[in-house]
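Report on one structure; see the data block that follows.
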Amino acid sequence: MKEELLKRFTKYVKVDTQSNEESKACPTTPGQMELANILVTELKEIGMQEVTVDEFGYVMATLPSNTTKEVPVIGFLAHLDTATDLTGKNVQPQVHENYDGKDIVLNKDLNVVLSPKQFPELADYNGKTLITTDGTTLLGADDKAGITEIMVAMNHLINHPEIKHGKIRVAFTPDEEIGRGPERFDVEAFGAKYAYTMDGGPLGELEYESFNAAGAKITFNGNSVHPGTAKNKMVNAVKMAMEFNAHIPKDEAPEYTEGYEGFYHLISLNGDVEQAKAYYIIRDFDHLKFVERKTHIASIAKELEEKYGEGSVELKLNDQYYNMREKIEPVKEIVDIVSAAMRNLDIEPKISPIRGGTDGAQLSYKGLPTPNIFGGGENFHGKFEYVALESMVKATEVIIEVARLFEEKE
């Protein structure tokens, strides 16, 4: 299993599937369709049935039931795209066997070092096989570890018919990182009663609560005048953006929050005297606080527009997804069965809220309750991203055990 996981994973991460928020297409980048087509071929090769990919890059496939019992159809999902935070082009995965607990030099020329001083959780991986970046890209374990684990689990079940299971559906979706994954996902065609995303982090993570999420695009329109004659005429759009940000509570940012605490996050700010654009994301687990945060953003925009004149501040505020807890708690047994599967494999479940989002958050609101299971990765979205091969083995085993337990309990 280890060898197959390593071979597939290192192949998948070399396909550049970074999504693009500026694109209106689906998928937003051609690399996602490239990977989708690779997976379609491989799904057919291992013996999966009803293998399809649509024009939008959604891959679906079926592993038929091998039991006479009436077992609910379950699904496993992972996303094709990688994050926009750092390039996913020319990913060169590095394999470090029997990690010794010391610094790992990712890139000597650029002095990029993965160090337990900065990332103390590395101590948990002594003796493990770590797959890292070369220090110039992200790795793409989010979520190609999940894709790999689903592929290997299905292959294992096909080759081990003694493991009884109901009908299993798998899906690989585009553009999750920019919040569009479920937009064109056909829940009815997928045909599962329950599903799981393999999109979590370290070993044991199990999540069924997510943020309520919104995005705020703000355009500041200034007035550029020659600096020598600018008095009482110039309006500096960049300074307007700075003034806007000064109204955001400094301690309510990602770098100062954890657990159930929400935040405002300035993703990007660019511009000049004439015009500047800022993009914020707004996150909170509590719906009332979420609404309050959006109201605060809108009130700052209104205040500045009143100060600088009509049209000086343009705000586009949109909801992205909601906390899926509301949709999963009525069917909490689908979380309990994963906890049982983990314990059967000597994994202690770590149930915590997702400080982020998964396709499952939106799918749960489309009628498909979808908790999130660990994929094994650490430090997602950056050059220090890595995954332990042993964690990927465990995630694969969890998929297999969940399928077995669903059949056993009927």
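Each Cβ is built from the backbone N, Cα and C atoms, and glycine gets one as well.
What you see is a predicted model, and the numbers here were worked out from it, not measured in a lab.
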Further Zn(2+) 2 ligand in Swiss-Prot, beside D142, E177, within candidate set H296, H381: H381
Co-listed Zn(2+) 1-binding residue [Swiss-Prot; alongside H79, D142] among D109, D186, D199: D199
Per-residue Cβ crowding (10 Å cut-off), top of active-site residues D81, E176: D81
Integer Cα-Cα distance in angstrom, D81 (active site) to H381 (Zn(2+) 2 binding site): 11
Other same-chain residues whose Cβ falls within 8 Å of the Cβ centroid of D142, E177, H381, the recorded Zn(2+) 2 site, in sequence order: T82, A83, D85, L138, D143, F380
Reduced DSSP assignment, D81 (active site): coil
